[in-house]
Structure formats: C-alpha cells, structure tokens
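These notes concern the structure reproduced below.
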Amino acid sequence: MRLAVVCFCLFGLASCLPVKVAEFGSSEEKAHYSKHSDAVATWLKPDPSQKQNLLAPQNSVSSEETDDFKQETLPSNSNESHDHMDDDDDDDDDGDHAESEDSVNSDESDESHHSDESDESFTASTQADVLTPIAPTVDVPDGRGDSLAYGLRSKSRSFPVSDEQYPDATDEDLTSRMKSQESDEAIKVIPVAQRLSVPSDQDSNGKTSHESSQLDEPSVETHSLEQSKEYKQRASHESTEQSDAIDSAEKPDAIDSAERSDAIDSQASSKASLEHQSHEFHSHEDKLVLDPKSKEDDRYLKFRISHELESSSSEVN
C-alpha cells in the first residue's frame, strides 16, 4: 500500500513538471528548431484577454510564492543550458527560456482555475449545509392535544346559526341560547330516566315482598302447631284439677267448709282461666291461617273444653 502511494506521488510530480524539448540531434535539426522557435512560442502563448480572465480571480496565491517559484525554476534552466549547450546556441537558450516561462504561466493559470473551482465547490457545500427551518404542513386539529376524535367532536358541536332567525343577535347571545337549549334537553332527559328506573324498583319491591311472604308461611304453620300443643297441655292440666275438685266435692264429710270455699274459688279461677284461654284462642284463629289438620285439632279442643266446662258447671250447681 505504501509503495502504491509513493508511486502515485511520483507520477503526480512528473506530470506537474514542464515538458522540455529534447536537445539531442544534429546541427541541422537544431537550426530548424531555432528558426521556428518564435512560431512555437506564439502558438503556445494564449491570448492576453484570456490570460487576464484567468488570472483576475486568483487571490489565494501570493506574490512572494510566485517570485520564489520563478527563482527556483530559472537557475535550474540556466544551469542545464550551460552544461548541455555551447556558446554558439544562445538563440536556442532564449527560445528555451521563453518556452519555460510559457509553461510556468500555463501551470499558474491551471492552478488558478482549480482554485476557483475549489472556492465555488466550498461555497456550494456551505450553502447546502445551512439547514432551513421545517415548517409544519399538516393541519393540527383543534382540541385537547392532537386527538382527532375530539377535534371532530368539537367541530360537530358548532352548529351554524343563520342570521335570518336572529338578525340582531350577537355572538354572546347565540352562545347563551345554545347553552340554554342544551340545559333544557338535559332536564328533559332526566325525568325519562327516572321513569324508566321506577318500574324496576317496584318490581324489585314486589319480588322481595313475595319472597318474604313465601318465607313467612312455614313460620306461621310452625307457630300454629306450637300453640295447639300448648292449648292441649293446658286443657289436660285443667281437667286434672277439675277431677281433683270433683273428687273432693264427692267427699263432703271429710272436707271442711273452708276447703269447700277454696275448691269453689279454684273452680271459679279455673273457669276464668278457661274463658280467657278460649278468648285468646279465638283471637289467634282470626289472625293466623292454619292448615286443615290444625283446624280439626282446634275444633276438637274447643269441643272438649266446652264439654268440660259444662260438666264442671253442672257439678257445682
């Protein structure tokens, strides 16, 4: 890689060097070249107008560099001419000197042209590097954030109001009227929602009452059975007391008058308790709804109680 770079550098330096005419050959060729040297020099020289146009924009190269370059090139050419040529070939030296100057001028013109091109390319690149501000090209919808749905909704809410309906109205009046219309619509919507919700509440209340009644029915039945059992126990207890009283009444010789009075009082209290129990039983019958079996039991109890009361009253009399 290094060798390739060195070769390219040498090739570039060789191409930059001015072309020199070969000084070998016979005296006839030299004389022929000396005769036509002026024609060749004029042919190599460009027009003065073109030279001015090419040298005018050259600002990068200073005068000192050009003087140094000329001082380096002229002595080398003079040394080479003294070494290879004789004193008789002074005219040829003049021609070579003119050719060397022309070649130097042509090289300078080429360098100036390249410098102009580099300046133009540099300015173009700097202009291209300057960034232009990016302008938004898409319309942003009105509303909160960039939500398109909210923008469309806000646009749909803006109803066009014609001037024929409100010729003397201002923007504030129109907005107040729109708000009042929206509030009226909301007020109309609320009673409808309440009406729709009321039947559901009634249905729910009906369902709950029906369920509670269904749940209470077995409790009523159990309560009626418990009361019938209590009545049976009380009736049996009272019957035993009455039988004891009857037995004591059948033995008047053994029982004193005080005991008789106590027995009479106990019978009266038993009657009052029986009447009270019968009254309570009737009241419970009116309140409760009993099964047919419980009704039959109650009838049997009533009949038995009434029979016992009649028997006790007949015995007392």
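Backbone N, Cα and C atoms are what each Cβ position is placed from, and that goes for glycine too.
Since we're looking at a predicted model, the values are computed, not measured.
Checked against Swiss-Prot, the residues SER62, SER239 yield a single entry marked phosphoserine: SER62. According to Swiss-Prot, of the residues SER63, SER212, SER63 is the one noted as phosphoserine.
Looking only at the modified residues SER270, SER306, the densest Cβ neighbourhood within 10 Å occurs at SER270. For the compositional bias 'Basic and acidic residues' (223-240), DSSP puts the residue distribution at 18 helix, 0 strand, 0 coil. Here THR175 (phosphothreonine) comes close to no residue that lies at least six apart in sequence on the same chain with a C-beta under 8 angstroms from its C-beta.
Sequence-distant contacts of SER311 (O-linked glycosylation site), defined as residues of its own chain at least six apart whose C-beta falls under 8 angstroms from its C-beta, comprise GLN242.
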